[in-house]
Amino acid sequence: MVPHGSCPSGAREVTFEGWRRERGEASMSDVHRTIRVNRSGSKFRRALSFFGPGYLVAVGYMDPGNWATSLAGGSRFGYALLSVVLLSNLMAVLLQALCTRLAVATGRDLAQACRDAYPRFLAWPLWLLAELAICATDLAEVIGTAIGLNLLFGIPLEIGVILTAVDVLLVLYLQNKGFRRVEALIITLLGVIALCFLTQIIMAQPQWGEVIKGFAPTTEIVSNPDMLYIALGIIGATVMPHNLYLHSGIVQTRDYGHTTAEKREAIRYATLDSTIALTFALVINASILILAAASFHATGHTGVEDLDKAHALLNPLLGSAIAPALFAIALLCCGLNSTITATMAGQIVMEGFIDIRLKPWIRRAITRFVAIVPAAIVTILYGSQGTTELLILSQVVLSLQLPFAVIPLVIFTAQKKKMGSLAAAPWVTFLAAITAAIIVVLNLKLIYDFFTGAPI
């Protein structure tokens, strides 16, 4: 393993100007460059060395917020909004590709880049906003996991919320076993989720001709205000700010070398990994919408927007008790996956922005305590309806923070002074700027709608 800041003899490390501060110790230093890259094997074997981090990122694109918008879109408008799911995924692929480029080119994750590029009076507010986003993310995962436990085992929501604290032990165990073990668990759970939805879709028997047509955009999406509103929700719930910090940190678990040629190859293979993984996330999100369209919209149930109602309707509509059980299992797996990745994102944010390095269990306990307390209070006082409202609030908080992660990412990767010859091409920056503008505008609109109570 090559220590951070050094390079093997005979290889010249590429360093760039343009930063206010010198690069410090890497975040998650216990796993930094711990996974060997096969540099002498075939292209396939070298690419396989980078296989993994993209799937941890893909978890963030299958959170309960995405489930809710996909259920609403499918139940109300059938397959028509599949094109929007595809568009939002393409946006995500582009932004996550920039994350890998930033990390490999500069040796910094997004949090470190913000710290080293901006004065403290800007960097510290960005850190506080990022921490708020991590807490909101964890809150959503607590609620999603608790709902999954309730639907699958009948455990009361308030008890399920408290039980989510147990995953601290799971995270600690996995981190001690090595980063590849973490990736293996995540990919296994994603496989379970895919199997659950594949089975449910086979049961639902969707109209595949209509499914294919749904991936082609139509003018009705813009001309129909109700359809446009749901479409905005799908796009607005797609890119999660913590994923940008997470991806730029965990891609550096690979020991990819220090020369420009080695870094170019690392960017190429890491981008391939995330693109394949996000395509998998696209399949899952499309599956949720297809399931809702085939099960709910086709039978006249056009108002299914929350997880409880969807679960309750699957049994009578599909004529099988297996379908709702699979739905609950998939939700629970999503919750477990997300708690692991949210922990890592929280560690990267804290270490990257302010260089405070807590023991993983302390960091995890603090984040989970902040999430459990409001979730427990709301479930005790207001029940399942309260958790639904809290879930919506967590998505609004994430929307508020998103511009403060996306905009620096696009700016950094465009600057040759910081990135050198590995800076993003002008056309990539142009597309990324448009993507960032669209996401920011849509999120601002969703926030406006949340506080005014009605779409504009």
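Heads up, the Cβ atoms here are built off N, Cα and C, so glycines get one too.
The model shown is predicted, which means the values in this text are computed figures rather than measured ones.
Listed features, source Swiss-Prot:
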TRANSMEM  47-67  transmembrane segment
TRANSMEM  77-97  transmembrane segment
TRANSMEM  123-143  transmembrane segment
TRANSMEM  151-171  transmembrane segment
TRANSMEM  184-204  transmembrane segment
TRANSMEM  227-247  transmembrane segment
TRANSMEM  276-296  transmembrane segment
TRANSMEM  316-336  transmembrane segment
TRANSMEM  369-389  transmembrane segment
TRANSMEM  392-412  transmembrane segment
TRANSMEM  422-442  transmembrane segment
Intrachain neighbours beyond the transmembrane segment (47-67), with Cβ under 8 angstroms and 6 or more residues off its ends: 35-38, 89, 92, 96, 137, 140-141, 143-144, 147, 179-180, 182-183, 186-187, 190, 193, 234, 237-238, 240, 242-243, 246-247, 250-251, 253-254, 256, 266, 269-270, 272-278, 280-281, 284-285, 288, 307, 331, 334-335, 337-338, 340-341, 344, 391, 394-395, 398
Range from 123-143, 276-296, 369-389, 392-412, 422-442 with the greatest count of C-beta pairs under 8 A to the transmembrane segment (77-97): 276-296
Contact between the transmembrane segment (184-204) and the transmembrane segment (151-171) (at least 3 Cβ pairs under 8 Å, separation 6+): no
Residue numbers, six or more beyond the limits of the transmembrane segment (123-143), whose CB comes under 8 Å of its CB atoms: 60, 63-65, 111, 114-115, 161, 164, 240-242, 245, 335, 338-339, 342, 345-346, 349-350, 353-354, 367-368, 370-372, 374-375, 387, 390-391, 394-395, 397-398, 400-402, 404-405, 408
Two-stretch contact, the transmembrane segment (151-171) and the transmembrane segment (392-412), at least three Cβ pairs under 8 Å: no
Surrounding residues of the transmembrane segment (392-412) on its own chain - C-beta under 8 Å, 6+ positions past either end: 65, 68, 95, 98-99, 102, 106, 110, 113-114, 117, 126, 129-130, 132-133, 136-137, 139-140, 143, 236-237, 239-242, 244-245, 418-419, 429, 432-433, 436, 439-440, 443-444, 446-447, 450
